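First up is the structure itself, then whatever we jot down about it.
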Amino acid sequence: MCHPDTYVNKVLVGSEGGGMQLWNWRTGEMLYGFKGWGVPIRALASSPALDVVGVGLADGRAVVHNIRYDEEVVSFANAAGTGLAANQLLGGGAGTAAARGGVGGGACTALSFRTGAGLPLMAAGGGGGVVTVWHLEERRLHTVIRDAHDGQLLSLHFFPGEPLLMSSAADNAVKHWVFDSADAMPRLLRFRAGHGAPPTLIRHYGENGLRLLSAGCDRSFRVFSVHQDQQSRELSQGHIARKAKKLRVRQEDLKLERVVDMDACEVRERDWANVITAHEGDPAAYSWRLVNFSRGDHVLEPPLEELSGCPAAAVTSVALSRCGNFGVVGSASGRLDRYNMQSGIHRGAFYCPDDAAKGQAGGGAAATQQQKAKRNAHNGAVVGCAVDGSNRRLVSVGFDGVLRVWDFRTQSLAAEVALGSPATRLTLHPVSGLAAVALTDASLRLYDIEVPRLVRRFRGHSDRVTGLHISADSRWLLSSAMDGTMSVWDIPAAQCLQVMKLGSPVTSLSLSPSLDLLATTHVNRRGIYLWSNQALFGDPAAIPHSTAVVPVARIALPTISDGRNTRERCTAEDGDDSEGEEVEVDHEDEDGVSSEDEDAEMRDVAAEAEAAEAVEGREGGADAGRSKPYELRDPVSGAPLPLAPELVTLSLLPRSHWDSLTRIEVIKARNKPLQPPKKPEAAPFFLPTLPGLSVNPIFAAAEGQQGADPGAREAADEDMEDAEEAEAGPGSRVVRLTRRDGRKANGAEAVSGPVSPFVHQLRLAAAAAEAAAKAGGGDCGSSSVVDCYGPVISMLRQMTPTVIDRELRAMQILEGSRDEQSEVRDLGALLDMLSASLEARRDFELCQALLNVVLTQQGDVLSARPELGPRLQRLRGLVATSWRRLDSLMQHVRCMVGFLGNLQA
């Protein structure tokens, strides 16, 4: 489907039958049906030329068609780069891969036209992952981008007016190609890529867990950044591309096999290899240098003399010491070897003593078999091994159902525990020494390796356990299984906290050291999913502690390339069947797996979520009538009322309201214009004056008033002033001074300055509070006194920080002025209002911000006024009392945290 340029409300639709139709989507009418080509249409693209579109066909052709006259302009054969001529057209590994075809076979699945200056080019691609570029004027092949992608092309897009081509394919990669050379040949500019096949193993790396190490079925080993995707990349396995081109094979055929186990330590990251991996069916373990994003220099495999003529078995588990100096490798034959990570030299193996070896041999007749059994740490594959934080103990479990604890320095057996069932997973908390083991019966066991003894046993999974992880604080045990659930177990309380169903079964999981993000990989999912910890970012009280499954639906991202209906997908995932319509979608998901099962699963998950919400709603119906915190407010000021007399109540204003008040100077300096104000273009206004020799100007009187009597002239002046006041309006900056008796004053009379509504309301509140204090026996902190300042608090809550700052600056005491005493009384009333609010513990943070501004602006004036001394002493006592309570609570919490931290250490 595509929208041709200048065709308003019209779209072109291609069909599987090879036909093409023009529809008016607004009226829902088909306007024209084109002849077609007899093969399915796989791609449609609009060209910069009017009435011309590009059509990609299933037989690999790319057709440029004129829809105005229904005529074919030009046709390019094998535009997808696949088919019988693929090897001859491309050659090398790209031709071999293209000849094999992809999901789309030889179809042309993507088209795009270049716009702007430069050569008129058309890019096409198909199932082989090859991009062919065609010259439209000369009607020939311009160039071929070899090995552009390792999967079927999903979309191609030329940026308007720029020589940039963006391509995306089924290999989970997006690439930018730039045509900036003189001959318009493309080169790779930048790219972003993920796993081409579902990842199966993931680990957090680093102290803060800001990076993720992942490996998948595409044989790649990648590092992802949680914060910046620009730092994500694939670790190099050598010159794979050069070798593949020389041998004419795919690059995947030369990579190492799929990673089955890995371990990393950042202590020696800049010194030598600090990552070790085990690969499927490979008898050697490999080291990696994460600082160089490449494979290390050493391959860890036991010497031939250690094998006693037996073939080396595949490596099944690996571990690194916490110091980063040693690596431990376990194999399918039961061997457990130690290597030096700096030199790659074999530093011995862990052997069982004679009595343990005899028990493993089971009384076999041949003495040679008993001798061979002595050399094995386990009588079966080693499924897990780990080293504690002090390099004292090494713990290993095998398929023989035995957990063994080894002395890491002497390589001798320290203790062993029979598990009763073959083990499948092992994880160790290096600080506490707790080892979690998953068995084949889907049960979980927790052992203390220092004793060793069983400390916890958990049951709840109904299928094979696929992931196991202990949190950094050793309080939670996370486990996932093939039954599609992930469980969180409380280790100290020995109970299940929550069971979540994340849709597709989890294949691997890892919780960050800071406990904020959980990373998971899923079956048939090429993405790595990050889940936020509700205990940190949400309300911990809202987490239900039960063994009931809590469905968690994944967010469905919108997609265009595969032609899915986003609305239908959202309806299916949300379980919204209110309209009674059945949504039948026959397509494949991003991994080539049919999504019908996925949609059915997501509908079930959504239905379970709705049922759980309905149950919670019925249970919470009884509490619906209860009042919520801070639901009752003061009817005058609008401030929240205290829950209890001794509790401090905040104003619940936005943080920017009171925090900006204390930083108003910084905000003004930051918002100060860089350029000075410009002078107005119009000439300034001049008052008319009378001609004469006097230095002082004599203004001309208004016409019609020179011969009038003084009484009539005064009445006319008052009428003119009233008219000017009416014109000025309430927002005018024209100030009319008045006498104390309320009459307008002339320039010879003593006048008082204008009073703002805030100061006027503050004076009224101070008079009412003084009367209420006298009626209450002199108690200035009573509720009646606090209520008197309600209108003032209401005005402050509605003012902006800039207006509040201007009002407080205007309340300055001018020494020697006639209004000096009234200004002192106004400032004292403001201090009384702050004292009453702090004593009543209302609007606590707002009053603290106001007090900060008042002391910063007028601290010198307040200290020089002895009549304000008692008010300042009272304020000081109230602030000190509040701080002592807060400091006591903070010190108590600090001591408790330090005490618990010392116990944990």
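A Cβ is built for glycine as well, from the same backbone N, Cα and C atoms used for every other residue.
Sequence annotations record features per position, and here TrEMBL assigns domain 'WDR36/Utp21 N-terminal' to 1-180. Mean pLDDT for the domain 'WDR36/Utp21 N-terminal' (1-180) in this predicted model: 84.
Summarising the annotation, TrEMBL assigns repeat 'WD' to 146-187 (among others).
Distant neighbours of the repeat 'WD' (375-416): 308, 316-323, 326, 328, 330-336, 338, 348-353, 356-357, 360, 422-428, 430-431, 433, 435, 437, 439, 447, 449-452; these residues of the same chain sit at least 6 beyond its ends, with a Cβ under 8 Å from one of its Cβ atoms. The repeat 'WD' annotation in TrEMBL covers 375-416 (among others).
Among residues of the same chain six or more beyond the repeat 'WD' (458-499), those with a C-beta under 8 A of the stretch's C-beta atoms are 424-429, 431-432, 434, 436, 438, 440, 442-446, 505-511, 513-515, 518, 520, 543-550, 904. Summarising the annotation, TrEMBL assigns repeat 'WD' to 458-499 (among others).
According to TrEMBL, the region 'Disordered' annotation covers 564-637 (among others).
The compositional bias 'Acidic residues' annotation in TrEMBL covers 573-601 (among others).
Per TrEMBL, compositional bias 'Basic and acidic residues' is recorded for 615-634.
Annotated domain 'WDR36/Utp21 C-terminal' per TrEMBL: 643-900, in sequence order.
Annotation comment: TrEMBL describes 704-733 (among others) as region 'Disordered'.
What TrEMBL records for 716-727 (among others) is compositional bias 'Acidic residues'.
Across the repeat 'WD' (146-187), the DSSP tally of helix, strand and coil residues reads 0 helix, 19 strand, 23 coil. Taken through DSSP, the repeat 'WD' (375-416) splits into 0 helix, 23 strand, 19 coil.
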